[in-house]
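Asks: I have a structure here, written as structure tokens, and I will follow up with some questions on it.
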Amino acid sequence: MITGIILIAVGLGVATVYNEYEIFLASKFFSIPTFLIVIGSFIIIISFFGCWGALKENYCLILTFSVLLGIIFILELSAGISGYVLRSDAESLIKVTLTDSLGKYNNTKVDEVTVLWDYVQKTFTCCGVNSYKDWASKFEDKLPLSCCSLPNGVVGVFSCTANNEDSNRYSNGCLTEFSNYIAAHAVSLGAAGVIIAILQFFGVLFSCYIAREIKIRNGITGFVG
């Protein structure tokens, strides 16, 4: 039950982070957190089979718990591996979505894409996908103000440009920093899946042992008695 709660907490935590950048992320980024939440909920439900079976020393319930826990072990291991695979693919997937959304940036009619681009550039102190030059096709020598750090004491108009002498402009593109941030959360999903799967494996062994002891003590013959 505790491991189920942990999986739900990790899944919800990562899903919350990903939802913040939903426009820039492919759908597969949300599938693994959702998968862990479902698995965690399922574990909490089947834990009652184990608890009730142990209290009543019921061979069938313990056996059912062992089988279901074995299935959960396989699912958790799959989710853990998927998390590590997603980490490797994060940069290539995010590069596509960032590049596609770049042209949707609208400085006259602000929408959610514009807001998120400004938020990402300010948060990760970056500009464009690979560099500030990515904005050239849209704004020529001008840049979104979120591409520059605002100096202290500025009053009135402030400009952010692609000119070489603009020292306030962020020099790095957003792809590397942003994808590393997203990939780090994918790793946490993978780690949670693998670690909990290992714990569940021992749970399967112990529950099988308990089922065997109950079967011998009660003289049960056959698979289900």
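We count from 1, first residue shown onward.
Note: Cβ is positioned from N, Cα and C throughout, glycine not excepted.
What TrEMBL shows for this protein is this:
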TRANSMEM  29-52  transmembrane segment
TRANSMEM  59-86  transmembrane segment
DISULFID  C127-C147  disulfide bond
TRANSMEM  182-210  transmembrane segment
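What does the local environment look like for each feature on the list?
Replies: Other Cβ atoms within 10 Å of the Cβ of C127 (disulfide bond) number 25 in total over all chains.
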Asks: Six or more residues out from either end of the transmembrane segment (29-52), which same-chain residues have a Cβ under 8 Å from its Cβ atoms?
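Replies: That would be 1, 3-12, 14-15, 18-19, 22, 58, 61-62, 64-65, 68-69, 72, 75-76, 79, 82-83, 86, 93, 182, 186, 189, 192-193, 200, 207.
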Asks: Taking the Cβ of C147 (disulfide bond) as reference, which residues of that chain separated by at least 6 in sequence fall under 8 Å from it?
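Replies: Listed in sequence order, they are Q121, C127, G128, Y132, W135, C160, R169, Y170.
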